[in-house]
Amino acid sequence: IDECVLGTHECDENAKCEDTLDGYNCQCKPGWTDNSPDRQRRPGRSCKKANVCANIQCAKEAECRETELGPVCECFSGYVDISRQHGMAAGHVCRKVINECATGKHDCSSSASCIDTADLFTCRCRDGFRDESPDLINRPGRVCVRAFIPEPPECDVNDPMSCDAKKKEVCLFVNGTYKCQCATGYDRLPDGRCLVINECDDQRLNDCALNADCIDQADGYTCQCKSGFADISPPNTPGRICRTRVNECAEPQKYHVDCDPNAVCIDTDEEYTCSCRPGFADISSSFERLPGRRCVEAVNECLDSSLNDCSENAICEDAKEGYICTCLQGFVDASHNITHYPGRVCHKPKQESLNDNSASKGSLITCNPDKPKCGVNEVCTDREARGKFVCDCAENAFRFTDDTCRFYAACVGVNDCDKNAVCANAFDSYICQCRPGFIDISPDPEGKPGRICKELINECAAGIHNCSSHATCIDATDGYICICDDGFVDTSSQFQLAPGRRCSNASNECADRTLNTCDENADCIDTPDSYTCQCYAGFVDVSSNANLQPGRVCTVQTSCPKQKTDLMFLIDGSGSIGSYVFKNEVLRFIKEFVELFDIGLDNTRVGLIQYSDQIRHEFDLNQYSDKESVISAISQVQYLTGLTRTGAAIHHMVMEGFSERRGARKQGDDVARVSIVITDGRSQDNVTEPAINARNSHINMFSVGVTDHVLGSELEAIAGSPSRWFHVAKFKDLDTRLRSLIQKAACPSVEPKPRPPGGCNPSAQTGCDRALNEVCIQTNGSAQCVCPEAFQRHPSTRRCGGNHCNPDLPTSCPHPEICTVAQFSNYLCICPKGYLRDQRTGICR
């Protein structure tokens with residue numbers, strides 16, 4: 001018996017089965033390690049992929065990651081890969097990410113914009129200034145001299161010649177009138193000409209790999225690996241890591257090609273594939289995903305009677321593995337093992353001729369066709385067409401010597417075998433047998449087999465299972481089972497799931513904050529099979545509002561509902577967002593945010609401006625006086641489309657949106673001015689100066705960037721503070737948790753009564769409690785002790801601080817807390833490993 005051919009062996013699917021005289025032998029394929037329990041006597045039963053990173057030397061700030069094309073080094077989060085500048089492969093030289101523009105560690109001119117880049121930074125003179133730096137090529141933007149650029153003339157939008165085509169001007173609607181402006185993606189030069197912004201022209205402005213082409217786009221750029229190189233970059237940033245494409249088939253030993261000896265190796269863009277040679281059948285266990293790994297000779301045993309044991313009264317049908325025998329019509333299958341080996345013995349029953357003078361001829365009973373009373377398997381028929389009706393055997397039935405009629409070719413007539421089953425004739429009936437590759441799931445597989453046949457599918461190999469990413473999928477006859485990996489605990493039952501669908505780290509998730517989803521103002525409590533979260537004393541748990549488990553969103557009591565506020569939303573409606581996302585994600589988030597406020601003409605007023613390369617007032621600050629009307633108006637907003645010009649929109653918001661004729665209240669009326677900017681792409685105009693003007697007009701600016709197309713430096717330029725800009729990867733991340741963070745920053749914490757005027761000195765910074773991190777500021781004509789910007793007062797300890805910190809400044813967190821990366825591109829102070837925050841005192845112990 002050849003167990004390898006029959007498939008009755010126990011070899012791992014990544015092992016090669018070799019038939020021997022006394023059984024078979026298993027051997028793991030090249031590139032796979034034998035992890036069998038008994039490798040001496042029973043090798044090749046469990047094969048695991050070899051660690052391809054074992055001999056790879058990455059930078060100490062990088063880790064090796066296995067890809068389809070082999071190992072690759074990737075710099076840790078917080079580091080930038082500058083390997084290509086040193087002529088080395090990716091991940092061999094990593095530099096800590098430092099935003100020189102944000103920290104002020106640059107030498108750009110005060111009339112230039114600082115642009116953070118992967119390696120350092122670059123400077124670009126602002127509109128209205130010309131660059132007279134000594135080294136324009138390597139160090140631009142160091143000396144910027146004001147240049148006179150005349151106000152662009154008005155134009156006729158219906159007259160394409162009304163603007164200067166030589167300067168590449170176009171007619172655009174700006175501040176209520178049409179003027180000749182530079183087209184989208186262009187900047188105005190000091191001489192009045194428009195110059196295209198092309199990051200691909202300056203290697204410092206893009207991070208494409210050396211073996212990739214930089215492709216300029218209207219909103220940024222993209223990278224594409226050159227011909228002959230494979231792209232193994234992360235999906236959302238193509239062309240950053242390009243590896244030389246190799247032909248594994250040319251060196252099968254070197255690249256551990258695991259094609260069957262009777263298969264052909266075919267090189268592909270990703271790696272390679274295998275195809276069984278002509279004359280060989282592919283019986284690989286993972287045929288769809290990994291074909292050509294096991295090929296057997298495709299012998300048609302039916303062509304040579306010596307190669308099959310079908311009865312001479314049976315039909316031989318060739319199959320992928322072996323053959324199938326089926327008795328001819330008119331013959332009865334009398335094989336000893338008819339279920340597994342039909343058609344080996346086929347008999348034709350004996351019948352006495354109706355033309356002889358035997359007693360059986362006269363034994364046929366006459367009958368009345370109108371009221372026949374015939375025996376089993378008999379019909380009333382006029383066989384000789386003489387008007388004489390007798391009870392004779394029905395079609396496909398045969399009269400035996402005991403004078404009874406029995407079916408012998410029932411498969412020819414109507415039967416209930418499954419379409420994927422073979423029908424075999426038997427005495428008085430038939431037998432159904434599921435074809436190879438199908439499993440019998442009939443209600444009565446013993447008495448009536450082959451009625452329902454289900455195709456055998458290896459869900460594990462095809463990747464169509466729902467096992468946890470930390471579980472092993474094991475194929476079974478009727479589906480598959482999932483078993484959590486070592487070091488993980490099966491917590492599926494807590495979520496009403498089948499075993500192995502939810503596997504939690506068996507370690508203490510609370511010891512490593514990356515393993516839990518507790519809010520930064522919540523305690524993580526370790527449990528035997530998982531963890532729970534509990535908001536600190538003084539914080540309100542609003543997790544249920546977002547259908548989250550407790551302790552995931554904890555908010556501090558704020559004065560927003562009582563504070564008079566003019567709240568303006570400035571939302572990006574450019575073409576890259578899409579109407580569905582705009583309506584179902586952006587507008588949803590705004591409606592949820594409005595729920596935080598007490599809407600009314602004497603309380604919080606809400607306005608909304610949508611922009612792209614156009615600006616549209618959706619509704620003004622004094623247009624609606626109750627929450628229901630505001631939410632209804634938000635639902636009616638129609639998607640604008642167009643290009644992204646955030647700077648122009650901010651300028652318009654300051655000059656027009658917050659004007660008294662649009663419903664804004666006078667400055668100094670004890671009214672807070674808040675603007676929330678939501679955008680999904682890099683602005684095609686300057687945002688810094690308009691944002692500074694907004695803050696000078698006492699507008700608290702907050703910026704939210706969505707997708708990787710947004711620059712963090714641009715978001716911070718809009719907001720003016722690291723604590724007031726936020727970044728999320730997808731629009732669906734505009735959730736309650738992000739809303740809570742903006743709420744904490746936008747709504748001032750409830751402060752204790754300030755000390756009497758004169759109680760502190762703003763100039764000398766004396767008179768405040770340094771132990772509470774208070775600072776003295778002059779406001780409304782008096783000096784008060786309050787929390788510094790970006791800090792909030794703890795509801796229990798009354799201490800300022802905690803939420804945000806500077807990772808480059810160790811003293812920004814109180815001892816022993818450490819500064820670490822938080823969600824939405826911020827940093828926060830947390831208790832170090834081995835410490836827990838005391839709910840009563842707020843101190844890490």
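Cβ coordinates are placed from backbone N, Cα and C, and glycine is handled just like the others.
These figures come from a predicted structure and were not determined experimentally.
Pulled from TrEMBL:
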- 1-38: domain 'EGF-like' (DOMAIN)
- 97-135: domain 'EGF-like' (DOMAIN)
- 196-235: domain 'EGF-like' (DOMAIN)
- 245-286: domain 'EGF-like' (DOMAIN)
- 298-337: domain 'EGF-like' (DOMAIN)
- 407-444: domain 'EGF-like' (DOMAIN)
- 456-494: domain 'EGF-like' (DOMAIN)
- 506-545: domain 'EGF-like' (DOMAIN)
- 566-745: domain 'VWFA' (DOMAIN)
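Of the Cβ pairs linking the domain 'EGF-like' (298-337) with the domain 'EGF-like' (456-494) and spaced 6 or more residues apart, fewer than 3 are under 8 Å, so the two regions do not touch. Secondary structure of the domain 'EGF-like' (298-337), assigned with DSSP and counted as helix (H, G, I), strand (E, B) and coil, comes to 6 helix, 12 strand, 22 coil. The average per-residue pLDDT of the prediction over the domain 'EGF-like' (196-235) is 76, rounded to a whole number. According to DSSP, the domain 'EGF-like' (245-286) comprises 3 helix, 13 strand, 26 coil. Counting residue by residue with DSSP, the domain 'EGF-like' (1-38) contains 4 helix, 15 strand, 19 coil. Residue counts of the domain 'EGF-like' (97-135) by helix, strand and coil are 4 helix, 13 strand, 22 coil (DSSP-based).
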